[in-house]
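TrEMBL has this to say about the protein:
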type: TRANSMEM; residues: 47-68; note: transmembrane segment
type: TRANSMEM; residues: 89-107; note: transmembrane segment
type: TRANSMEM; residues: 137-159; note: transmembrane segment
type: TRANSMEM; residues: 191-214; note: transmembrane segment
type: TRANSMEM; residues: 226-246; note: transmembrane segment
type: TRANSMEM; residues: 258-276; note: transmembrane segment
type: TRANSMEM; residues: 315-336; note: transmembrane segment
Amino acid sequence: MMSNVKKKDVPLISISLVAILFIAAALSLFPQQSADAANAIYTFVTRTLGSAVQVLVLLAMGLVIYLATSKYGNIRLGEGKPEYSTLSWLFMFICAGLGSSTLYWGVAEWAYYYQTPGLNIAPRSQQALEFSVPYSFFHWGISAWATYTLASLIMAYHFHVRKNKGLSLSGIIAAITGVRPQGPWGKLVDLMFLIATVGALTISLVVTAATFTRGLSALTGLPDNFTVQAFVILLSGGIFCLSSWIGINNGLQRLSKMVGWGAFLLPLLVLIVGPTEFITNSIINAIGLTTQNFLQMSLFTDPLGDGSFTRNWTVFYWLWWISYTPGVAMFVTRVFPRS
């Protein structure tokens, strides 16, 4: 983006809109061909780069732990007296990192792992059932958050400590390589980031809308069709845009607090009114299995099998989280001075 972060990069916005509209038109006019092309790209990336992605995410987690426990962990990011409490900042960070997909996967993911488990465990066995929750912890746990944390630390250090201009992915690369962020390569980097973010958001919104409208239909009798799903997507997008437009203090901070407390109180309610002993034992057991098998789960590639579980779950999740990292890093960097 331009050196003055308050200015709008009109060429980048225009190119991004054209590219996104072109992709949307291709998906609408040629759905089967688009699906075949997307599947071919996905298969190539996950088969060719899958193991490298697994290693990189594990290394990112190790680097974040090292930075937090070393002398570099004392470097202050941001200036002045904090405007937000630690709890408010955590709520905003968590809401920026956890999308609406948790509404679906948080409830149903264990069932998929039970039927098609990893680590060469027999499907629908007792061991598969025991590992279903640990794999949910693993895919939504410290490894994924390490990618957000590392990207946020890099961007915040670039912007607040080194005082480099340009709160963008191309700005960071320019500071490292010397390539002008306003040049064609800088525009290409930012364009790829925007398209990746839109793609990731599309997955989240589509899954969430389908889940929400299905539940709404069961409760109220409303039809579960495209019109209702489109309305839900537009409504949720409108709420987010409104909260962004009215500012962090009156918008995102309050919205994050509502969502954060709701995300805390709902599981607490389920724990109290549900089978408390079973839930508690399952969580403790899952923490133990995740800790015990963390390294194997991180690097499991299934070389003697077809590797479908690793590609379709672990690698997919890591790529999905990575696609969000630039956007999350920008948001966290803007909030850092007030935290």
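The count begins at 1 with the first shown residue.
A Cβ is built for glycine as well, from the same backbone N, Cα and C atoms used for every other residue.
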Close approaches to the transmembrane segment (191-214) from elsewhere in its chain (Cβ under 8 angstroms; 6 or more beyond its ends): 12, 15-16, 19-20, 23, 99-101, 103-105, 169, 222, 224-225, 228-230, 232-233, 236-237, 320, 323-324, 326-327
Ranked first among 47-68, 137-159, 226-246, 258-276 for CB pairs under 8 angstroms with the transmembrane segment (315-336): 137-159
Chain residues in Cβ proximity to the transmembrane segment (258-276) (below 8 Å; excluding those fewer than six residues from its ends, i.e. six or more beyond): 90-91, 94-95, 98
